[in-house]
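Asker: My questions will all concern the structure given below.
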Amino acid sequence: MTTIIDGKEIADRIRADVSDCAAHLADEGVTPGLATVLMSDDGASETYVSMKQRACEETGIEGIHRVLDPEASAETLLRQIDDFNDDPRVHGILVQMPVPDHVDSQAVLERVDPMKDVDGFHPENVGRLVTGNTRYKPCTPHGIQKLLEAADIETEGKDAVVVGRSDIVGKPMANLLVQKAPRGNATTTVCHSRTDDLAEKTRTADIVIAAAGVPEMITGDMLSEGCTVIDVGVNRVDAETEKGYELVGDVAFESASEKADVITPVPGGVGPMTIAMLMYNTVKAASLQSGVDVELP
Ligand SMILES: Nc1nc2c(c(=O)[nH]1)N[C@@H](CN(C=O)c1ccc(C(=O)N[C@@H](CCC(=O)O)C(=O)O)cc1)CN2
């Protein structure tokens, strides 16, 4: 029988533990603070930022939220980041991605103080991740590691295929999978839009991580019997629902479930873990900056 990993339940457990750590910091006079910046009128980005705001309230993190006009200049966004870099209430800074086309996203990521970079996207933190000296693991890949751990999926010695090479998921995920740390030591292949025969690659995999942003691109016939499938896609597809869309993963769930032993659903799989690990990184940031130790899960 196929096991469907309940990401919401695992995320709730992690969030409860992170909340205890936040309470411990508060007892020591340190209230963890997360600043979010939204510079977009994209509906999905608005949803994610409001979920992050709510998670802050529920975790005991002070949320400071700024919405910038998507037409504003890049300089306005960079100045906002500078303000947060200088604000002692703020331990973590998150600029919701993507930013508008006229803004150089790399310049934005580089402007965030690396100690406050709870996304783990600053080059210093990327370099640390690649060399195995991680400060902040990017939230989605870290959440996937936690899902694998909770579902007792071993990665050591296994063949993993990551579909998608984004800076947010694909690249850091592949880097974590090849490291020696727990839920690493996997033989890892990264596939992308120029991969010649994707199905040939995914069929060799014990673990497939689908993060290409293409609805239902991974179908059952592309998978090996008994594999683990982690679906990172959260695609809004037009549908006759109240909202006018439904959420569809990068994996065709029905056909993939016939092959996979373990699979994550969309929604309720990887998504909730991204928010849980952001809370984790924010509390870690507050701990690192204050020198007050916490025992994160
Ligand atoms: N600065 C960042 N920007 C973006 C990141 C990121 O980690 N940092 N990741 C993605 C999107 N993302 C977070 O921002 C995200 C995606 C999905 C979910 C989630 O909980 N999804 C739910 C469904 C929610 C819905 O109703 O739409 C689920 O899958 O169950 C949370 C966060 C891009 N940008």
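Just so it is clear, glycine is given a Cβ too, placed from its N, Cα and C backbone atoms.
For reference, TrEMBL lists these features for the protein:
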| type | residues | note |
| --- | --- | --- |
| BINDING | Gly164, Arg165, Ser166, Val234 | NADP(+) binding site |
| DOMAIN | 5-119 | domain 'Tetrahydrofolate dehydrogenase/cyclohydrolase catalytic' |
| DOMAIN | 138-288 | domain 'Tetrahydrofolate dehydrogenase/cyclohydrolase NAD(P)-binding' |
Asker: Do you know which of the binding-site residues Gly164, Val234 has the most other C-beta atoms within 10 angstroms of its C-beta?
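Answerer: Top count of Cβ atoms within 10 Å goes to Gly164.
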Asker: Of the binding-site residues Gly164, Arg165, Ser166, Val234, which ones put their CB under 6 Å from ligand 1?
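Answerer: If the test is a Cβ under 6 Å from any atom of ligand 1, the answer is Val234.
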Asker: So if I draw a 10 Å sphere around the Cβ of Ser166 (NADP(+) binding site), how many other Cβ atoms end up inside it?
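Answerer: Neighbour count, Cβ to Cβ under the 10 Å cut-off: 17.
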Asker: Are there residues of the same chain, six or more positions away from Arg165 (NADP(+) binding site), whose CB falls under 8 angstroms from its CB, and which are they?
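Answerer: In sequence order, the residues whose Cβ lies under 8 Å from that of Arg165 (NADP(+) binding site) (at least 6 apart) are Lys171, Val190, His192.
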Asker: Mean pLDDT for the domain 'Tetrahydrofolate dehydrogenase/cyclohydrolase NAD(P)-binding' (138-288), rounded to an integer?
Answerer: 98
